[in-house]
Amino acid sequence: MLGLSALELARIQFAFTISFHIIFPAISIGMASYLAVLEGLWLKTRKPAYYDLYRFWLQIFAVTFGMGVVSGVVMSYQFGTNWSELSARAGSIMGPLLTYEVLTAFFLEAGFLGIMLFGLNKVGKGLHFFATLMVAIGTLISTFWILSSNSWMHTPQGYSIVDGVFYPESWFEIVFNPSFPYRLAHMAIAAFLSTAFIVGATGAWHLLKGRRDGATRLMFSMALWMALLVAPIQAVVGDMHGLNTLHHQPAKIAAIEGHWNTERGVPLLLFGIPDMEAETTHYALGIPRLGSLILAHDIDGEIKGLKEWAKEDRPNSLIVFWSFRVMVGMGLLMIACGVISLYLRWRGRLYEARPFHWLALAMGPAGLLALLAGWITTEVGRQPWVIYGLLRTADAVSNHDVGQMSLSLGLFVVVYFAVFGVGIAYLLRMMHKGPQRIATVDPRQAGGPDGGPGHKRTPARPLSAADDDVDDGPGAPSPQDQPTPTTPDDKERGDDH
(Lines of atoms letter the chains of each structure in order from A and count residues from 1; the text may use other names and numbers.)
(Lines give C-alpha, C1' and ligand atoms only; values in the text may rest on other atoms or scores of the structure.)
Protein backbone atom coordinates (compact mmCIF):
# COMPACT_ATOMS: atom_id res chain seq x y z
CA MET A 1 0.00 0.00 0.00
CA LEU A 2 1.56 3.28 -1.21
CA GLY A 3 5.01 1.75 -0.92
CA LEU A 4 4.73 1.42 2.86
CA SER A 5 6.24 -1.48 4.78
CA ALA A 6 4.30 -3.80 7.08
CA LEU A 7 5.89 -2.04 10.07
CA GLU A 8 4.77 1.38 8.85
CA LEU A 9 1.24 0.10 8.19
CA ALA A 10 1.08 -1.44 11.67
CA ARG A 11 2.16 1.88 13.18
CA ILE A 12 -0.39 3.80 11.11
CA GLN A 13 -3.16 1.41 12.15
CA PHE A 14 -2.32 1.74 15.83
CA ALA A 15 -2.05 5.52 15.52
CA PHE A 16 -5.41 5.64 13.73
CA THR A 17 -7.26 3.49 16.26
CA ILE A 18 -5.74 5.16 19.32
CA SER A 19 -6.49 8.62 17.90
CA PHE A 20 -10.16 7.69 17.68
CA HIS A 21 -10.10 5.96 21.05
CA ILE A 22 -8.37 8.65 23.11
CA ILE A 23 -11.06 11.21 22.29
CA PHE A 24 -13.81 9.31 24.08
CA PRO A 25 -12.02 8.40 27.33
CA ALA A 26 -10.78 11.99 27.58
CA ILE A 27 -14.35 13.27 27.39
CA SER A 28 -15.54 10.53 29.77
CA ILE A 29 -12.89 11.44 32.36
CA GLY A 30 -13.77 15.12 32.31
CA MET A 31 -17.51 14.61 31.95
CA ALA A 32 -17.75 12.17 34.87
CA SER A 33 -16.12 14.68 37.20
CA TYR A 34 -18.28 17.48 35.79
CA LEU A 35 -21.41 15.42 36.44
CA ALA A 36 -20.29 14.77 40.02
CA VAL A 37 -19.87 18.52 40.54
CA LEU A 38 -23.28 19.27 39.02
CA GLU A 39 -25.10 16.70 41.12
CA GLY A 40 -23.30 17.78 44.27
CA LEU A 41 -24.21 21.43 43.65
CA TRP A 42 -27.82 20.47 42.98
CA LEU A 43 -28.05 18.55 46.25
CA LYS A 44 -26.45 21.45 48.11
CA THR A 45 -28.28 24.41 46.52
CA ARG A 46 -31.51 22.78 45.25
CA LYS A 47 -31.31 24.98 42.14
CA PRO A 48 -33.00 23.20 39.24
CA ALA A 49 -30.49 24.50 36.67
CA TYR A 50 -27.90 22.09 38.07
CA TYR A 51 -30.38 19.23 37.75
CA ASP A 52 -31.25 20.19 34.17
CA LEU A 53 -27.59 20.28 33.23
CA TYR A 54 -26.92 16.97 34.96
CA ARG A 55 -29.69 15.24 33.02
CA PHE A 56 -28.52 16.77 29.75
CA TRP A 57 -24.83 15.90 30.06
CA LEU A 58 -25.60 12.46 31.48
CA GLN A 59 -27.02 11.52 28.08
CA ILE A 60 -23.85 12.61 26.33
CA PHE A 61 -21.66 10.87 28.90
CA ALA A 62 -23.52 7.59 28.33
CA VAL A 63 -22.88 7.63 24.58
CA THR A 64 -19.28 8.77 24.96
CA PHE A 65 -18.51 6.14 27.59
CA GLY A 66 -19.92 3.40 25.37
CA MET A 67 -17.86 4.44 22.36
CA GLY A 68 -14.76 4.64 24.54
CA VAL A 69 -15.25 1.07 25.77
CA VAL A 70 -15.81 -0.30 22.26
CA SER A 71 -12.82 1.48 20.73
CA GLY A 72 -10.64 0.51 23.68
CA VAL A 73 -11.39 -3.20 23.36
CA VAL A 74 -10.56 -3.14 19.65
CA MET A 75 -7.34 -1.24 20.27
CA SER A 76 -6.15 -3.62 22.98
CA TYR A 77 -6.45 -6.61 20.63
CA GLN A 78 -3.70 -5.12 18.50
CA PHE A 79 -1.14 -5.94 21.17
CA GLY A 80 -1.68 -9.55 20.20
CA THR A 81 -2.37 -9.21 16.48
CA ASN A 82 0.10 -6.54 15.34
CA TRP A 83 2.53 -6.22 18.24
CA SER A 84 2.94 -9.79 19.45
CA GLU A 85 6.69 -9.40 19.97
CA LEU A 86 6.05 -6.53 22.37
CA SER A 87 3.56 -8.68 24.26
CA ALA A 88 5.96 -11.62 24.33
CA ARG A 89 8.88 -9.58 25.64
CA ALA A 90 7.18 -7.07 27.95
CA GLY A 91 3.90 -8.83 28.72
CA SER A 92 4.99 -9.78 32.23
CA ILE A 93 5.10 -6.07 33.09
CA MET A 94 2.46 -4.47 30.86
CA GLY A 95 -0.06 -7.29 31.29
CA PRO A 96 -0.41 -6.96 35.09
CA LEU A 97 -0.65 -3.16 34.84
CA LEU A 98 -3.59 -3.45 32.45
CA THR A 99 -5.09 -6.19 34.63
CA TYR A 100 -4.94 -3.87 37.64
CA GLU A 101 -6.95 -1.37 35.62
CA VAL A 102 -9.67 -3.97 35.04
CA LEU A 103 -9.69 -5.13 38.67
CA THR A 104 -9.92 -1.61 40.07
CA ALA A 105 -11.27 0.95 37.61
CA PHE A 106 -13.40 -1.22 35.34
CA PHE A 107 -15.09 -3.14 38.16
CA LEU A 108 -15.73 0.09 40.06
CA GLU A 109 -17.30 1.73 37.01
CA ALA A 110 -19.29 -1.39 36.13
CA GLY A 111 -20.66 -1.64 39.66
CA PHE A 112 -22.03 1.91 39.77
CA LEU A 113 -22.57 2.91 36.13
CA GLY A 114 -26.04 1.37 35.98
CA ILE A 115 -27.16 3.26 39.08
CA MET A 116 -25.74 6.47 37.68
CA LEU A 117 -27.41 6.13 34.28
CA PHE A 118 -30.77 4.64 35.25
CA GLY A 119 -31.31 5.29 38.94
CA LEU A 120 -31.72 9.04 39.27
CA ASN A 121 -35.40 8.77 40.23
CA LYS A 122 -35.25 5.20 41.51
CA VAL A 123 -32.74 5.28 44.36
CA GLY A 124 -32.06 7.72 47.15
CA LYS A 125 -30.34 10.92 46.09
CA GLY A 126 -27.39 10.26 48.37
CA LEU A 127 -26.85 6.81 46.89
CA HIS A 128 -27.12 8.17 43.36
CA PHE A 129 -24.59 10.91 44.10
CA PHE A 130 -22.27 8.28 45.57
CA ALA A 131 -22.62 6.23 42.36
CA THR A 132 -21.71 9.28 40.26
CA LEU A 133 -18.66 9.90 42.44
CA MET A 134 -17.55 6.28 42.11
CA VAL A 135 -17.80 6.38 38.32
CA ALA A 136 -15.81 9.63 38.26
CA ILE A 137 -13.15 8.12 40.53
CA GLY A 138 -13.14 4.99 38.37
CA THR A 139 -12.27 6.98 35.25
CA LEU A 140 -9.35 8.59 37.08
CA ILE A 141 -8.12 5.22 38.38
CA SER A 142 -8.24 3.91 34.81
CA THR A 143 -6.15 6.89 33.73
CA PHE A 144 -3.68 6.06 36.51
CA TRP A 145 -2.98 2.52 35.30
CA ILE A 146 -2.97 3.28 31.57
CA LEU A 147 -0.57 6.19 32.03
CA SER A 148 1.61 4.10 34.33
CA SER A 149 2.01 1.44 31.65
CA ASN A 150 2.64 3.98 28.91
CA SER A 151 5.06 6.00 31.02
CA TRP A 152 7.06 2.89 31.87
CA MET A 153 7.61 2.37 28.15
CA HIS A 154 9.09 5.88 28.00
CA THR A 155 11.12 5.78 31.21
CA PRO A 156 11.57 2.09 32.11
CA GLN A 157 12.89 1.09 35.51
CA GLY A 158 12.36 -1.66 38.10
CA TYR A 159 12.93 -4.51 35.63
CA SER A 160 15.44 -7.16 34.66
CA ILE A 161 16.04 -8.67 31.23
CA VAL A 162 16.60 -12.40 30.79
CA ASP A 163 17.02 -13.75 27.24
CA GLY A 164 15.44 -10.60 25.82
CA VAL A 165 12.35 -10.82 28.05
CA PHE A 166 11.47 -8.16 30.62
CA TYR A 167 10.69 -9.29 34.16
CA PRO A 168 9.46 -7.13 37.06
CA GLU A 169 11.87 -6.53 39.93
CA SER A 170 10.10 -3.68 41.77
CA TRP A 171 6.46 -2.91 41.08
CA PHE A 172 6.74 0.37 42.97
CA GLU A 173 9.51 1.54 40.63
CA ILE A 174 7.61 0.27 37.60
CA VAL A 175 4.36 2.02 38.49
CA PHE A 176 5.93 5.24 39.75
CA ASN A 177 8.53 5.56 37.02
CA PRO A 178 10.23 8.95 36.48
CA SER A 179 7.83 10.38 33.87
CA PHE A 180 4.60 8.97 35.34
CA PRO A 181 3.56 11.83 37.69
CA TYR A 182 3.96 14.44 34.96
CA ARG A 183 2.15 12.41 32.32
CA LEU A 184 -0.71 11.58 34.68
CA ALA A 185 -1.24 15.21 35.69
CA HIS A 186 -0.87 16.45 32.11
CA MET A 187 -3.39 13.92 30.78
CA ALA A 188 -5.98 14.41 33.53
CA ILE A 189 -5.91 18.19 33.15
CA ALA A 190 -6.12 17.80 29.36
CA ALA A 191 -9.28 15.72 29.82
CA PHE A 192 -10.83 18.36 32.11
CA LEU A 193 -9.99 21.16 29.66
CA SER A 194 -11.29 19.18 26.67
CA THR A 195 -14.60 18.70 28.46
CA ALA A 196 -14.75 22.32 29.59
CA PHE A 197 -14.40 23.66 26.06
CA ILE A 198 -16.97 21.22 24.70
CA VAL A 199 -19.39 22.38 27.40
CA GLY A 200 -18.50 26.00 26.72
CA ALA A 201 -19.01 25.62 22.98
CA THR A 202 -22.42 24.05 23.58
CA GLY A 203 -23.41 26.93 25.82
CA ALA A 204 -22.09 29.43 23.26
CA TRP A 205 -24.15 27.80 20.52
CA HIS A 206 -27.37 28.14 22.48
CA LEU A 207 -26.56 31.72 23.46
CA LEU A 208 -26.08 32.49 19.77
CA LYS A 209 -29.48 30.88 19.10
CA GLY A 210 -31.07 33.28 21.58
CA ARG A 211 -31.42 31.07 24.66
CA ARG A 212 -30.77 32.94 27.89
CA ASP A 213 -32.17 30.49 30.45
CA GLY A 214 -30.34 29.68 33.64
CA ALA A 215 -29.00 26.30 32.52
CA THR A 216 -27.48 27.68 29.32
CA ARG A 217 -25.82 30.58 31.08
CA LEU A 218 -24.66 28.34 33.90
CA MET A 219 -22.85 25.78 31.74
CA PHE A 220 -21.24 28.56 29.69
CA SER A 221 -20.06 30.31 32.84
CA MET A 222 -18.75 27.16 34.55
CA ALA A 223 -16.79 26.14 31.45
CA LEU A 224 -15.08 29.51 31.22
CA TRP A 225 -14.19 29.53 34.92
CA MET A 226 -12.54 26.16 34.27
CA ALA A 227 -10.62 27.57 31.30
CA LEU A 228 -9.48 30.60 33.27
CA LEU A 229 -8.23 28.63 36.27
CA VAL A 230 -6.99 25.36 34.78
CA ALA A 231 -5.45 26.28 31.41
CA PRO A 232 -2.57 28.21 33.06
CA ILE A 233 -2.02 25.28 35.44
CA GLN A 234 -1.74 23.00 32.41
CA ALA A 235 0.97 25.27 30.99
CA VAL A 236 2.98 24.95 34.22
CA VAL A 237 2.53 21.16 34.32
CA GLY A 238 3.54 21.00 30.66
CA ASP A 239 6.73 22.91 31.43
CA MET A 240 7.56 20.47 34.23
CA HIS A 241 6.85 17.56 31.90
CA GLY A 242 9.18 19.12 29.32
CA LEU A 243 12.01 19.41 31.84
CA ASN A 244 11.51 15.76 32.78
CA THR A 245 11.62 14.81 29.10
CA LEU A 246 14.79 16.85 28.59
CA HIS A 247 16.44 14.77 31.32
CA HIS A 248 15.22 11.33 30.22
CA GLN A 249 14.59 11.73 26.46
CA PRO A 250 16.82 14.56 25.22
CA ALA A 251 16.59 13.37 21.60
CA LYS A 252 12.84 13.99 21.70
CA ILE A 253 13.38 17.57 22.90
CA ALA A 254 15.96 18.19 20.18
CA ALA A 255 13.48 16.96 17.57
CA ILE A 256 10.65 19.05 19.02
CA GLU A 257 12.79 22.19 18.96
CA GLY A 258 14.32 21.49 15.55
CA HIS A 259 17.89 21.85 16.86
CA TRP A 260 20.64 19.88 15.14
CA ASN A 261 23.82 21.12 16.81
CA THR A 262 24.61 21.17 20.52
CA GLU A 263 24.72 24.83 21.52
CA ARG A 264 24.32 27.24 24.39
CA GLY A 265 21.74 30.00 24.36
CA VAL A 266 19.63 28.35 21.66
CA PRO A 267 16.68 30.25 20.16
CA LEU A 268 13.04 29.26 20.45
CA LEU A 269 11.97 28.45 16.90
CA LEU A 270 8.48 29.72 16.12
CA PHE A 271 8.54 28.47 12.54
CA GLY A 272 10.66 26.14 10.49
CA ILE A 273 10.69 23.04 8.34
CA PRO A 274 13.03 20.39 9.74
CA ASP A 275 14.78 18.32 7.06
CA MET A 276 15.87 14.90 8.31
CA GLU A 277 18.07 14.21 5.27
CA ALA A 278 19.85 17.57 5.14
CA GLU A 279 20.07 17.72 8.96
CA THR A 280 18.87 21.29 9.13
CA THR A 281 15.72 23.32 9.75
CA HIS A 282 14.79 25.42 6.75
CA TYR A 283 13.22 28.90 7.04
CA ALA A 284 13.88 28.97 10.78
CA LEU A 285 12.29 31.92 12.57
CA GLY A 286 13.11 32.15 16.25
CA ILE A 287 13.54 34.29 19.33
CA PRO A 288 17.20 34.37 20.43
CA ARG A 289 18.13 32.50 23.63
CA LEU A 290 14.50 31.91 24.61
CA GLY A 291 14.81 28.18 23.88
CA SER A 292 17.51 27.73 26.51
CA LEU A 293 15.58 29.87 28.98
CA ILE A 294 12.46 27.71 28.61
CA LEU A 295 14.16 24.33 28.42
CA ALA A 296 17.02 24.77 30.87
CA HIS A 297 15.68 27.76 32.83
CA ASP A 298 19.02 29.34 31.99
CA ILE A 299 19.48 31.87 29.19
CA ASP A 300 22.87 30.31 28.37
CA GLY A 301 21.83 26.71 29.02
CA GLU A 302 23.25 24.00 26.77
CA ILE A 303 20.78 22.04 24.65
CA LYS A 304 21.86 18.94 22.76
CA GLY A 305 21.21 18.79 19.02
CA LEU A 306 19.94 15.82 17.02
CA LYS A 307 23.38 15.21 15.54
CA GLU A 308 24.41 13.85 18.94
CA TRP A 309 22.49 10.67 18.04
CA ALA A 310 22.96 8.27 15.17
CA LYS A 311 20.52 8.76 12.29
CA GLU A 312 18.74 5.51 13.03
CA ASP A 313 18.09 6.65 16.62
CA ARG A 314 16.52 10.00 15.79
CA PRO A 315 12.77 10.69 15.98
CA ASN A 316 11.08 12.40 13.03
CA SER A 317 11.66 16.08 13.75
CA LEU A 318 9.24 17.37 11.11
CA ILE A 319 6.25 15.64 12.71
CA VAL A 320 6.95 16.43 16.36
CA PHE A 321 8.13 19.98 15.59
CA TRP A 322 4.69 20.89 14.26
CA SER A 323 2.53 18.67 16.48
CA PHE A 324 4.13 20.30 19.52
CA ARG A 325 3.41 23.78 18.16
CA VAL A 326 -0.20 22.88 17.46
CA MET A 327 -0.53 21.72 21.08
CA VAL A 328 1.08 24.87 22.47
CA GLY A 329 -0.95 27.08 20.12
CA MET A 330 -4.20 25.52 21.29
CA GLY A 331 -3.08 25.93 24.89
CA LEU A 332 -2.36 29.63 24.42
CA LEU A 333 -5.75 30.13 22.77
CA MET A 334 -7.44 28.39 25.70
CA ILE A 335 -5.65 30.67 28.17
CA ALA A 336 -6.64 33.71 26.08
CA CYS A 337 -10.25 32.53 26.01
CA GLY A 338 -10.31 32.35 29.80
CA VAL A 339 -8.78 35.81 30.19
CA ILE A 340 -11.23 37.38 27.72
CA SER A 341 -14.13 35.75 29.56
CA LEU A 342 -12.94 37.29 32.82
CA TYR A 343 -12.87 40.74 31.24
CA LEU A 344 -16.36 40.29 29.77
CA ARG A 345 -17.65 38.97 33.08
CA TRP A 346 -16.24 42.07 34.82
CA ARG A 347 -17.96 44.28 32.24
CA GLY A 348 -21.22 42.35 32.62
CA ARG A 349 -21.27 41.32 28.95
CA LEU A 350 -20.36 37.64 29.13
CA TYR A 351 -23.79 36.55 27.85
CA GLU A 352 -24.26 39.33 25.29
CA ALA A 353 -20.86 39.47 23.52
CA ARG A 354 -21.71 37.58 20.32
CA PRO A 355 -18.19 37.76 18.81
CA PHE A 356 -16.88 36.02 21.92
CA HIS A 357 -19.66 33.43 21.66
CA TRP A 358 -18.48 32.63 18.13
CA LEU A 359 -14.93 32.32 19.44
CA ALA A 360 -16.05 29.99 22.24
CA LEU A 361 -17.98 27.90 19.70
CA ALA A 362 -14.93 27.63 17.45
CA MET A 363 -12.83 26.63 20.46
CA GLY A 364 -15.04 23.62 21.18
CA PRO A 365 -12.59 21.04 19.78
CA ALA A 366 -9.48 22.95 20.96
CA GLY A 367 -8.89 20.72 23.98
CA LEU A 368 -9.15 17.55 21.92
CA LEU A 369 -6.90 18.96 19.20
CA ALA A 370 -4.29 19.86 21.82
CA LEU A 371 -4.60 16.40 23.36
CA LEU A 372 -4.15 14.62 20.02
CA ALA A 373 -1.23 16.85 19.06
CA GLY A 374 0.41 16.20 22.42
CA TRP A 375 -0.10 12.47 22.07
CA ILE A 376 1.52 12.54 18.61
CA THR A 377 4.44 14.51 20.03
CA THR A 378 4.91 12.03 22.87
CA GLU A 379 4.66 8.83 20.84
CA VAL A 380 6.41 9.85 17.62
CA GLY A 381 9.07 11.56 19.71
CA ARG A 382 10.15 8.30 21.37
CA GLN A 383 10.77 6.54 18.07
CA PRO A 384 12.49 4.38 16.99
CA TRP A 385 11.92 2.82 20.43
CA VAL A 386 8.77 1.15 21.73
CA ILE A 387 10.47 0.70 25.14
CA TYR A 388 12.82 3.63 25.23
CA GLY A 389 16.45 2.68 24.70
CA LEU A 390 15.74 -1.04 25.13
CA LEU A 391 13.36 -2.41 22.48
CA ARG A 392 13.02 -0.99 18.98
CA THR A 393 9.62 -0.65 17.37
CA ALA A 394 10.84 -2.70 14.41
CA ASP A 395 11.60 -5.59 16.78
CA ALA A 396 8.19 -5.45 18.47
CA VAL A 397 5.92 -5.86 15.43
CA SER A 398 4.21 -9.11 14.43
CA ASN A 399 5.30 -11.02 11.34
CA HIS A 400 2.62 -9.93 8.85
CA ASP A 401 3.03 -9.15 5.17
CA VAL A 402 2.09 -5.87 3.51
CA GLY A 403 -1.09 -7.30 1.95
CA GLN A 404 -2.49 -8.43 5.30
CA MET A 405 -1.70 -5.11 6.96
CA SER A 406 -3.15 -3.13 4.04
CA LEU A 407 -6.43 -5.04 4.20
CA SER A 408 -6.61 -4.68 7.98
CA LEU A 409 -5.92 -0.94 7.90
CA GLY A 410 -8.42 -0.36 5.09
CA LEU A 411 -11.17 -2.17 6.99
CA PHE A 412 -10.42 -0.24 10.17
CA VAL A 413 -10.68 3.08 8.33
CA VAL A 414 -14.02 2.20 6.74
CA VAL A 415 -15.60 0.72 9.86
CA TYR A 416 -14.34 3.40 12.23
CA PHE A 417 -15.54 6.29 10.10
CA ALA A 418 -18.92 4.61 9.66
CA VAL A 419 -19.52 3.58 13.28
CA PHE A 420 -17.89 6.43 15.13
CA GLY A 421 -18.99 8.95 12.53
CA VAL A 422 -22.59 8.07 13.35
CA GLY A 423 -21.82 8.22 17.07
CA ILE A 424 -20.21 11.64 16.84
CA ALA A 425 -23.09 12.93 14.71
CA TYR A 426 -25.53 11.72 17.36
CA LEU A 427 -23.54 13.49 20.09
CA LEU A 428 -23.60 16.74 18.12
CA ARG A 429 -27.33 16.36 17.61
CA MET A 430 -27.89 16.02 21.35
CA MET A 431 -25.70 19.05 22.02
CA HIS A 432 -27.67 20.99 19.44
CA LYS A 433 -30.90 20.19 21.30
CA GLY A 434 -29.56 21.55 24.58
CA PRO A 435 -30.73 21.08 28.18
CA GLN A 436 -34.46 20.92 28.78
CA ARG A 437 -36.38 22.06 31.82
CA ILE A 438 -37.47 19.10 33.92
CA ALA A 439 -39.74 19.25 36.94
CA THR A 440 -37.62 18.20 39.90
CA VAL A 441 -38.08 17.10 43.46
CA ASP A 442 -36.44 18.90 46.37
CA PRO A 443 -33.52 16.57 47.18
CA ARG A 444 -34.16 17.06 50.91
CA GLN A 445 -37.54 15.40 50.45
CA ALA A 446 -36.39 12.76 47.97
CA GLY A 447 -35.86 9.94 50.39
CA GLY A 448 -36.54 6.91 48.25
CA PRO A 449 -37.00 5.38 44.84
CA ASP A 450 -40.30 7.19 44.31
CA GLY A 451 -38.85 10.65 44.85
CA GLY A 452 -40.35 11.18 48.29
CA PRO A 453 -42.77 9.80 50.83
CA GLY A 454 -46.26 9.23 49.49
CA HIS A 455 -45.30 10.15 45.94
CA LYS A 456 -46.07 7.17 43.76
CA ARG A 457 -44.37 7.19 40.37
CA THR A 458 -44.55 4.69 37.53
CA PRO A 459 -42.27 4.39 34.53
CA ALA A 460 -43.63 6.09 31.42
CA ARG A 461 -41.77 3.68 29.11
CA PRO A 462 -38.87 1.23 29.22
CA LEU A 463 -35.75 2.50 30.91
CA SER A 464 -33.35 4.57 28.86
CA ALA A 465 -30.05 6.13 29.74
CA ALA A 466 -30.88 9.07 27.51
CA ASP A 467 -34.17 9.90 29.21
CA ASP A 468 -35.91 8.72 32.35
CA ASP A 469 -39.17 10.63 32.43
CA VAL A 470 -42.01 9.17 34.49
CA ASP A 471 -45.73 9.73 34.68
CA ASP A 472 -46.93 11.43 37.82
CA GLY A 473 -50.46 10.11 37.44
CA PRO A 474 -53.71 11.56 36.10
CA GLY A 475 -53.76 15.27 35.60
CA ALA A 476 -49.98 15.65 35.38
CA PRO A 477 -48.78 18.05 32.69
CA SER A 478 -47.43 16.52 29.50
CA PRO A 479 -43.92 17.35 28.26
CA GLN A 480 -45.48 19.62 25.65
CA ASP A 481 -47.06 21.68 28.45
CA GLN A 482 -43.71 22.42 30.05
CA PRO A 483 -42.47 26.00 29.61
CA THR A 484 -39.69 26.57 27.10
CA PRO A 485 -36.49 28.16 28.39
CA THR A 486 -36.59 31.38 26.39
CA THR A 487 -36.90 34.00 29.10
CA PRO A 488 -34.06 36.54 29.13
CA ASP A 489 -33.46 36.18 32.83
CA ASP A 490 -33.94 32.96 34.74
CA LYS A 491 -32.25 33.57 38.05
CA GLU A 492 -34.58 31.28 39.94
CA ARG A 493 -33.15 28.21 38.17
CA GLY A 494 -29.51 28.83 38.94
CA ASP A 495 -26.84 31.42 39.45
CA ASP A 496 -24.70 32.58 36.55
CA HIS A 497 -21.48 32.12 38.53
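Just so you know, glycine gets a Cβ as well, placed from its N, Cα and C.
Per TrEMBL, the feature compositional bias 'Pro residues' maps to 476-486.
According to TrEMBL, the feature compositional bias 'Basic and acidic residues' maps to 488-497.
Look at TrEMBL and you will find 440-497 tagged as region 'Disordered'.
Sequence-distant contacts of the transmembrane segment (12-35), counting only residues of its own chain at least 6 positions beyond either end whose CB sits under 8 Å from a CB of the stretch, comprise 4, 54, 57-58, 60-61, 64-65, 67-68, 71-72, 74-75, 78, 82-83, 116, 132, 135-136, 138-140, 142-143, 188, 190-196, 198-199, 367-368, 371-372, 375-376, 379, 405, 408-409, 412-413, 416, 420. According to TrEMBL, the feature transmembrane segment maps to 12-35 (among others).
Sequence-distant neighbours of the transmembrane segment (56-77) (same chain, 6+ residues past either end, Cβ-Cβ under 8 Å): 14, 17-18, 20-21, 24-25, 27-28, 31-32, 34-35, 38, 98, 113, 116-117, 120, 199, 215, 416, 419-420, 423, 426-427, 430-431, 434-436, 465-467. Residues or ranges marked as transmembrane segment by TrEMBL: 56-77 (among others).
Sequence annotations record features per position, and here TrEMBL assigns transmembrane segment to 97-120 (among others). Counting residues 6+ beyond its ends, the transmembrane segment (97-120) has Cβ neighbours under 8 Å at 35, 55, 58, 62, 65, 76, 127-128, 130-132, 134-135, 137-139, 141-142, 144-146, 148-149, 152, 174-175, 463, 465, 468 in the same chain.
According to TrEMBL, the transmembrane segment annotation covers 127-147 (among others).
Proximity of distant same-chain residues to the transmembrane segment (184-208), defined by a Cβ-Cβ separation under 8 Å and at least 6 residues beyond the stretch ends, is recorded for 25-27, 29-31, 33-34, 57, 140, 143-144, 147-148, 151, 216-217, 219-224, 226-227, 230-231, 233-234, 237-238, 241, 334, 337, 351, 354, 357-358, 360-368, 370-371, 374, 431-432, 434. According to TrEMBL, the feature transmembrane segment maps to 184-208 (among others).
If you look up TrEMBL, you'll see 220-237 (among others) marked as transmembrane segment.
Marked as transmembrane segment by TrEMBL: 319-344 (among others).
Look at TrEMBL and you will find 356-376 (among others) tagged as transmembrane segment. Residues 15, 18-19, 22-23, 26-27, 186, 190-191, 193-198, 200-205, 207-208, 220, 224, 319-320, 323-324, 326-327, 330-331, 333-334, 337, 340-341, 344, 350 of the same chain lie 6+ residues outside the transmembrane segment (356-376) yet bring a C-beta within less than 8 angstroms of a C-beta in it.
Only residues 6 or more beyond the boundaries of the transmembrane segment (407-428), in the same chain, are considered here, and those with a CB under 8 A from a CB of the stretch are 1, 9, 12-13, 16-17, 20, 60, 63-64, 67, 70-71, 81-82. Marked as transmembrane segment by TrEMBL: 407-428 (among others).
Tertiary neighbourhood of the transmembrane segment (319-344): same-chain residues 193, 197, 200, 224, 227-229, 231-232, 234-235, 238, 252, 255-258, 269-270, 272, 274, 281, 350, 353, 356, 359-360, 363, 366-367, 369-370, 373-374, 376-377, 380-381, selected by CB-CB distance under 8 Å and a gap of 6+ residues from either end.
Packing against the transmembrane segment (220-237) from elsewhere in the chain are residues 182, 185-186, 189-190, 192-193, 196-197, 199-200, 203-204, 207, 331, 334-335, 337-339, 341-342, 345, 350-351, 360, 496-497: each is 6 or more residues past its ends and has a CB under 8 Å from a CB in it.
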